[in-house]
Number of protein chains: 2
Amino acid sequence: MPATAQSSPRSAQRDLSEAPLLVAARGGRPSRLPVWFMRQAGRSLPEYRALREGVPMLKSCFDPEMLAEITLQPVRRHGVDAAILYSDIVVPLYAAGVDIDIIAGTGPVVAEPVRSAGDVAALPVLDPAQVSAVAEGVGLLVQRLGGTPLIGFAGAPFTLASYLIEGGPSRNYEHTKALMHSEPELWHRLAGRLADMALTFLRAQLDAGADAVQLFDSWAGALSVRDYREFVLPHSAKVLGGLADYDVPRIHFGVGTGELLAVMREAGADVVGVDWRIPLDEAVRRLTAAGGTPPVVQGNLDPALLGASWPVIETEVRRVAAEGRAAAGHIFNLGHGVLPGTDPEVLTRVVELVHSLEP
Amino acid sequence: MPATAQSSPRSAQRDLSEAPLLVAARGGRPSRLPVWFMRQAGRSLPEYRALREGVPMLKSCFDPEMLAEITLQPVRRHGVDAAILYSDIVVPLYAAGVDIDIIAGTGPVVAEPVRSAGDVAALPVLDPAQVSAVAEGVGLLVQRLGGTPLIGFAGAPFTLASYLIEGGPSRNYEHTKALMHSEPELWHRLAGRLADMALTFLRAQLDAGADAVQLFDSWAGALSVRDYREFVLPHSAKVLGGLADYDVPRIHFGVGTGELLAVMREAGADVVGVDWRIPLDEAVRRLTAAGGTPPVVQGNLDPALLGASWPVIETEVRRVAAEGRAAAGHIFNLGHGVLPGTDPEVLTRVVELVHSLEP
């Protein structure tokens, strides 16, 4: 595999062994409760909107200076404990040459949906050189981030496949589910190729110095655990397992995955992200019942509640932090991405509150 | 309450005590495994699209002949064990005079979102006379349906509130959740009024002869069980409890409610609808763990799988039926509504297969 041949595991990472995020991710005792927000880099920030003006989404993801600056903005503003690489779930597809675009107000749109054996065979392989601009941005970030860890970013095979098969965002994933059940061999071939792509993309980020990764299987919650186990687990495991040699924390997250948490951990996650639908102590119970070492969790304040009054938010933040104590480690986060209308000052205040709590 | 004053409980229902759906709903032994499909009346049928041509959605819901015919179409075509009243979740709001419309491709759109105490106070009360056209349609249906039961239809307070507060369909329910947490008293006032409205609407259908009801809390799965219990349960319980005197089966359903099943039953459901994310035997386990008599469940074939090949569908239908045997009663259905692109002949074939199985 070209990606692994070029990799030099562990050589690129800075020594951030005391960084609260990395300590918590390894189940240690951090100096403070670490907090960051999914989608912290992006639409909720006026400085982001100013920078992006007139620049198409996918262009901004391949401009090293711009992606580094956008990634840094929320770190500067909120004082969060991690930067998350500014990117998009379809970046590796686009980089490899898939005809895909991100339409404002719609999301990723694929020119030719991938549904036949021929379509899958025609899918290009991602060469690390095609994401060198992203790697360059990561290089700038690790120079500029000081002691703050950088989390690398990729979409998981199922979520990537759903965009390719449906042709864009979907509510019901009907073509995806029909294909995986009716043509399982074709499905596994497609998902396997997307796993390779995600792996190449993440290894490129790690080789450039990223300190952790998060694999987003945003829409996996649309599947039953039976379907997840049969059709998704092997491919997400290939991605997460393929990063083991870097010895960096691997975070795995999807929305509405209360039923899937244990299997998502089984895929090779060191940290399991939890949405707001179940309390973290219940998530810990489910992860523990499945066996293995005590779990580290990430989450899970309902992002919709950031529009509520401050006393409500404060109560919820304290509750989430208290429930997180059931875990071997807790990284405070939202239960899904920051909503575009969120007041950035509220995010800053949440960070201050989280940092004031006993870790 | 005007609605109850006009009601004559039990007087309007036909004697369908042997109908498989009603037998199963009461936990008895039906002559065959009953099956119907959420959204069976509507977009998937060419005869529906022909009838609706040029007729706006909300107009069709208030035309007794048309709504009766649309409700009958899938019964005739598929031989299902129940008719579900053709209607829309916003029909009682529209009938009461709320400025709301259904935009094709978007869904219900509210002219003035309801977010303040003044907005809530200005919300009209539904008079049963305002849904007399629906009651008339129900009257036609019970004459024409022969031995097939008619299931009445209403949206639950949370789902109705979400449309009113957000101003239309939503992905994140941010205004709804912010309002319920920041202004709980106002929330409860709003949800209470919507409960009254749903109750009036369902009583009108039952007075006209409907044989069962289904309360759709379509989007309740966006809530944690904590929020559901505090903000939603009392109001859904008001609706379902307010129908107790009719002694008809009350079905309660929402999407992605694996965490909420027991509380939704607690609201007063005789039958709990389950989506495809958890197997029916697991749903039964959760409902039984919460105490009470053995549960009756409805569901839960993934509607997206109706686009798969027939052998896949057959396997899934048999699995769902087998898992349903864990319940005190099982009404076969999808895990959500029929998708618009579904081939109606597949639905007919599913009905035949379900009827060939041991009940």
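Every residue, even glycine, has its Cβ placed from backbone N, Cα and C.
Together with A:R39, A:Q40, A:A41, A:G42, A:R43, A:D88, A:Y163, A:H336, TrEMBL lists one candidate of A:S116, A:S132, A:S218 for binding substrate, that being A:S218. Here the Cα atom of A:H336 (substrate binding site) is found 15 Å from that of A:D88 (site 'Transition state stabilizer'). Taking a C-beta cut-off of under 8 angstroms and a sequence separation of 6 or more, A:D88 (site 'Transition state stabilizer') has the following same-chain neighbours: A:M57, A:L58, A:C61, A:I102, A:P108.
The C-beta environment of A:R39 (substrate binding site), restricted to residues of the same chain at least 6 apart in sequence and closer than 8 Å, consists of A:G337, A:V338. Other Cβ atoms within 10 Å of the Cβ of A:A41 (substrate binding site) number 25 in total over all chains. Around A:R43 (substrate binding site), the same-chain residues at least 6 positions away in sequence with a Cβ under 8 Å from its Cβ are A:R49, A:V338, A:P340. Assigned with DSSP, the residues of the domain 'Uroporphyrinogen decarboxylase (URO-D)' (A:34-43) fall into helix, strand and coil as follows: 0 helix, 1 strand, 9 coil.
Same-chain residues at least 6 positions away in sequence with a Cβ under 8 Å from that of A:Y163 (substrate binding site) are, in sequence order, A:I89, A:V90, A:L93, A:I100, A:P108, A:V110, A:P169.
Under the three-state DSSP scheme, A:Y163 (substrate binding site) falls in the helix class. Within the model, the domain 'Uroporphyrinogen decarboxylase (URO-D)' (A:151-167) shows a mean pLDDT value of 97, rounded to a whole number.
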